[in-house]
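*Asks:* For reference, TrEMBL lists these features for the protein:
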DOMAIN    49-163  domain 'DOMON'
DOMAIN    172-369  domain 'Cytochrome b561'
SIGNAL    1-26  signal peptide
TRANSMEM  210-228  transmembrane segment
TRANSMEM  240-261  transmembrane segment
TRANSMEM  281-298  transmembrane segment
TRANSMEM  310-330  transmembrane segment
TRANSMEM  345-368  transmembrane segment
Amino acid sequence: MEIKAWNFVLFSCLLVVSFLASSSSAQTCLSQTFSNNVQYSNCTDLPALNSYLHWTYDESAGTVQIAFRHTGTSSSRWSAWGINPSGPRMVGTQALVALVNSSGVAQAFTTSIDSLGPSMQQTALSFPVPSLSATFENNEMTIFAVLRISQNLLSTSQVWQEGPVSNGQIQSHSTTGANVQSAGSINFLTGQSGGSSSAGSRTRRRNVHGVLNTVSWGILMPLGAITARYMKVFKSADPAWFYLHVACQSSAYVVGVAGWATGIKLGSDSPGITYNTHRTIGIILFCFGTLQVFALLLRPNKDHKYRLYWNIYHHLIGYSVIILSIVNIFEGFDILNPDDKWERIYIGILIFLGVLATLLEAFTWYVVIRRKKTRKQTHTMNGANGVNEHGYGATAMGQRV
């Protein structure tokens, strides 16, 4: 039983850790084509917002011909891509913006982002843009442009974004999920691209935070509770079930505290970005988890008069931790906004644990009821044989024989 349990934990951990894996090696952009039949020398799958960049650098002309494609969008949303010589951030970006106008036609224009609340009106960029157009087909917005840039801009930062359009006016984009991860680097000369050191580091830390908390609070904690509830029904498993339960919950607490600490660090490094519900539940979980650790140290003996109250407290806090953990993990999914398959995998793990607990619950009741029947039958047989509770037979006159 113990080996199977730890095998399951290892399998679950591997599934969740794969959350960190990047799909960048499967270059979707290589299979993309364009209605104008233009082919580009380089392309890259951008790591956020279902976006792709294609380009060709013409050294003799000093121009870069680009096609930025944003898939899975709609006619009521705008798309933008740009370069920022000052770093992978919004302010300072020289942007190309596209949207579908009131006539149902895709239009593109240039704008220079000079603040955190830009007007998004058409303005000239710091470099010439001899050609600019956009198309919207099959829920895909594509911006075509020719940029005439200097040598010092061949290796620079890139930023891309998307957001809603209301009554023909561009509205602010979201400040959560993939919308705060859409920055990276680009080298038009070598063809290399990727996340910037700061954006990439932040994304990795967010992923590590998610993995640690999913494995600890979301998998190990429920597994430890299942171990305690259903293994102790077997007399042969005592006290092994207790040590396995303690090992599981202690590991979950240690890993969970590490995940909680990464969350605190991420919050301090992201001023102005607050996830109140996620943060509040996380703090409550840390407090409840710490209380459980102290409760273990103060655990009374089985025959102690306060043991009943300790059991009530321990179970109440424990099940509260499990419920809040699952809720907060799904809050985290909404913030990280990963591929849907990772959320489905975790849902699958929860379903497995739920089915396992249901089957074990039914089996536990079967064992308990069977034991009660066996004891009752034994007591009845002893009475029929004239054996009292002390093991002595008796005559009709009450004399021992």
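Every residue, even glycine, has its Cβ placed from backbone N, Cα and C.
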*Asks:* Checking distant contacts: for the transmembrane segment (310-330), what same-chain residues at least six beyond its ends satisfy Cβ-Cβ under 8 A?
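*Replies:* Answer is 213-214, 217-218, 221-222, 225, 278, 281-282, 284-285, 288-289, 291-292, 295, 298-300, 343, 346, 350.
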*Asks:* How many of the residues that make up the domain 'DOMON' (49-163) does DSSP mark as helix, as strand and as coil?
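*Replies:* Tallying H, G and I as helix, E and B as strand, the rest coil: 3 helix, 63 strand, 49 coil.
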*Asks:* Could you please provide the mean pLDDT value for the domain 'Cytochrome b561' (172-369)?
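*Replies:* When the pLDDT values over the domain 'Cytochrome b561' (172-369) are averaged, the result is 83.
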